[in-house]
Amino acid sequence: MSAPARLLLIRVIDQKLPVLFGDSNKKHIEIVTAMLNLNVETEDAVRIQLFDMLVHVYCTQFKNAGLQLALDVFRLLADRGALVEDAIGLFSKMEELGVCPNVVTYNNLIHGLCKRGDVDNAFFYKQKMIQNGVDPSLVTYSVLINGLMKLNRLDQANCVLKEITDKGFVLNEIVYNTLIGGYCKIGDISEALKIKDEMMTAGITPNSVTFNSLIQGFCKIDQVEEGEQLLEEMLSRGLVVNAEMLLLNLKPGDALMTTLIAALCKECKCLEVVEIWSKLEKGFAPNIVTSNALIHGLCEADKMQDAVKLLKEMVNNGLALDRITYNTLILGCCKQGKVEEGVRLRDEMINQGMHPDIVTYNLLMHGLCIMGKMAEAENLWNELKEIGLVPDVVTHTIMIDGYSKTDKIEEKLRIGLNPCLIDEMRMEEGLVPDSFCYTALIGRHCKLGVDG
């Protein structure tokens, strides 16, 4: 055992180790993890001694806390695929010390063995658990099927499946998805679809895992159209899309690509979207609608640098930007408090021959009002009128809300010689104030301490 690990173990026994977790109940996991990390390059013989000692400590010194601590150590070892041999040694030691493994203990060991591809040994422990009077659970069978499918041992997987049904277990979505994924991996899409139908007949609704596997299966056999149809169905159901499948040979059309990007951005997977975009760039001619969907998602996720980078790529590729592109970028700038950058984009927009609309001004005015720059917001108010734009309900609400947060509320509820904004909305522009507008007004009166 290394010197640091030995010192750590001594402190464990002497109970002089400080609690590294806020939850003292998890201290033993921290201890084991630290000892594992300190002995990564230790010789096998020494490591076996270390884990023998660990088992002894947890089964004797910490006996008052129950044998669950020893089981936790075992699970930690089994979950680390490279430490399965240590887990097996710990398993044997537990038996020697009278700790009877339960179904969870066996499942963890079987999972660790399958994880490293040692399915034959996993079956050995499955047989051993039966001999020791422990009945395999559905989890046991699910783990074994998953291990077999990964090794393309389909016949054996089907035998395990038959054993499951013979024992009266009801298959769950994990088992079905494991089988579907396995058949899709080898290109047997017809069998995968058959299992999907059985899954639905059993009353289990296919989920994201099911569809992602099937789409990859269709792509594998070059049936891209069928894959796109499933992708559309996924998006219509609001299911999570795995970008990996798009990095194969699936090339969605414009409308589908736009929907996909919007869906992924909504799930805050903007980096994944950018990766897809770069991978598909050569075989996919992005249109302005698709590009705007991506820029909007990046701005919503406060990824302005990525959005600006994408904007430059769009221009370099000859894609003409539209008003929506600029407004989206202005929104992103204002959200980050960079209104000056938003104004610069507005000026660039004009230089490109595009006329800002009321949305452009609303975004900039809202950003200025949040920063308390009401004089500059007033200038934009006057400017938008000079170029022939008409303030809408949102414009009025932005200004009313902005003034309600200043120290000059009563006086500054007017712009120049105009009448009260709320009256102007009704009389001059025929607008109906909405709930947001009234909320701002109520806030104004409450701040002044007068009745509305």
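The backbone N, Cα and C atoms fix where each Cβ goes, glycine too.
Where the annotation comes from TrEMBL, it is an automatic prediction and has not been curated.
The feature repeat 'PPR' is assigned by TrEMBL to 102-136, 137-171, 172-206, 207-241, 287-321, 322-356, 357-391.
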_Positions on the same chain near the repeat 'PPR' (322-356), where near means CB under 8 A and six or more residues out_ = 288, 291-292, 295-296, 298-300, 302, 304, 307-308, 311, 314, 363-364, 366-368, 370-371, 373, 387
*For the repeat 'PPR' (102-136), DSSP counts of helix, strand and coil?*
26 helix, 0 strand, 9 coil
*Just give the helix, strand and coil counts over the repeat 'PPR' (172-206), going by DSSP.*
26 helix, 0 strand, 9 coil
*For the repeat 'PPR' (137-171), DSSP counts of helix, strand and coil?*
26 helix, 0 strand, 9 coil
